[in-house]
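**Q** What follows is a structure written as structure tokens; I'll ask about it next.
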Amino acid sequence: TISNRIPANLFRKCVPFPILHLSSFLTAMSVFTEEFMVIGPSDPIVAVLRGDVTLPCSVSPAMNVENMELRWFRSKFSEAVFIYQNQQEQREEQLAQYTGRTSLVKEFLTWGEAAVRIHNVQAFDNGMYTCFFRKGSFYESASLELKVAGVGSVPQVHIQGLEEDGVRVVCMASGWFPKPEVRWKALSGEKFLTFSETHAQDPEGLFSVEATLVVRDSSSGNVTCSLLNPILSQEKAMAIIIPEDFFPRTSPWMSAFMVILTLLMLLLLGTAYYTKREHTAKCREVQEWMKLHREKEEDQQAKVEALKTRGKAGQWPRPVSVAADWRKEKFQPLSVTLDPKSAHPSLAVSDEKTSVTLKDTAEDPTILFSILGRESITSGRCYWVVEIRNGDKSEWSLGVCRGDVDRKSLHLESPEKGIWAVGRYLENYYACSIFRILLSCRQVPHRVGVFLDLKEGDVSFYNMTDDSHMFSFPLASSSGTLFPYFMLRSGDVSLTICSVMEVRPAVLLGEMRRHRIRSRRKKSQISVPACDQ
């Protein structure tokens, strides 16, 4: 205010030198605090052809991005997929093929997260994307990869014609993306390795394939052509029966055998009817050949008998069956009950204190509505299992929480905040930390097992629906007292603690042993995504 009324040169003379430096320092600090980093998914995002997909990005540290310029583009800045500026969508620079197919997920802009949803995914959507965030003159960007996958038609197999020594069979299919893997198999399961294939792309970028196989063995019976999508690991197959009459009557092996047999018969007849030395020599030659052949067969038979004898005596090498001795490392079942005193007011706890749901009057869904178990854990190994009902349509998380965490002001679940958890967020399953790690679940986890090992220093999560490992966190030695942790944020979801008699952890022990080794290697590398931003 004073500087606006006094000339600049006079102001510099009047104002003490330290105050000028303080002003410059504060200006630099204000610029510095505006800086941020843009973070995208570390792994490729898989989208199913003609479905919807979300391309998420976030800023760190977390800040409101509603007033920023947000842009998603392809290889060039001008090739815009979606532009958000002045708090609204801008379509002037948007590529024509994305008009009407994109929308912005706005629910968590205030927490520093933005995502573009692409509808009706096409083959040309496959590839690299860049998300660009600008605030004032400062901007940052991150790259992410989208892999589009689609399963096309069932292969059609037919006999095209006869070859000199076999039958030519053709397999055709269309509508696949990316290029499918072709496999031919006989009825016995044996794979045909030699065949030809050609590919073509239609105007939509989808692949058609034509594979040709020549079957030379009439004993093959029927043959199967299968196509495999390498991204989705989905396969379609079709078999065809090849009648034996289609094959040449006389195979090359039969012709050779008949020639040899005819020569032998002529030689034997020659020795019987002719006494000349030449005929006798030929007869002896044949007899010598037969003797050598017989000795070779006898030697081969002796080797077979010797191998059989060794097998009966137990001398053959046998596969070693290794089983984990879990008597030394037992996980004790923990009977968990919910602590209503620790519950957020928007949560409803059952009378048995084993189930929790969201009330109809729940507040802002960006807030974490959480509750703890009554049981404190300070040592040993224990586990409990939680059943998630309607979890595939809601947002939730579960795990363990340090006892001294202030959950009332918490907007972020992470080991750094004292919470180790997994959950569902924005239609995917994640391990929770400063950044989210996308979890690949073969089946929807209707039951999740929490295995806490304070001896080894880790907590592991298992999908009890298919007995598969989901994720493991390392625990610091100074983690303190831990409590079971449950969080609901949106949807008609309930978390119910299963009784000890309902679960059988034994089926997971072998899987746990393998993932325990992996988690030890990764203890110093875990810094992973948040389920709740």
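A Cβ is built for glycine as well, from the same backbone N, Cα and C atoms used for every other residue.
The domain 'Ig-like' annotation in TrEMBL covers 41-147, 155-239. Among the features that TrEMBL reports, transmembrane segment is placed at 253-274. For 316-504, the entry in TrEMBL reads domain 'B30.2/SPRY'.
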**Q** So, by DSSP, how many helix, strand and coil residues make up the domain 'Ig-like' (41-147)?
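**A** With helix first, then strand, then coil, the domain 'Ig-like' (41-147) has 9 helix, 55 strand, 43 coil.
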**Q** Could you tell me the mean pLDDT over the domain 'Ig-like' (41-147), as a whole number?
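**A** Mean pLDDT, the domain 'Ig-like' (41-147): 95.
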**Q** Tell me the residue counts in helix, strand and coil for the domain 'Ig-like' (155-239), as DSSP assigns them.
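**A** The composition, in the requested order, is 3 helix, 55 strand, 27 coil.
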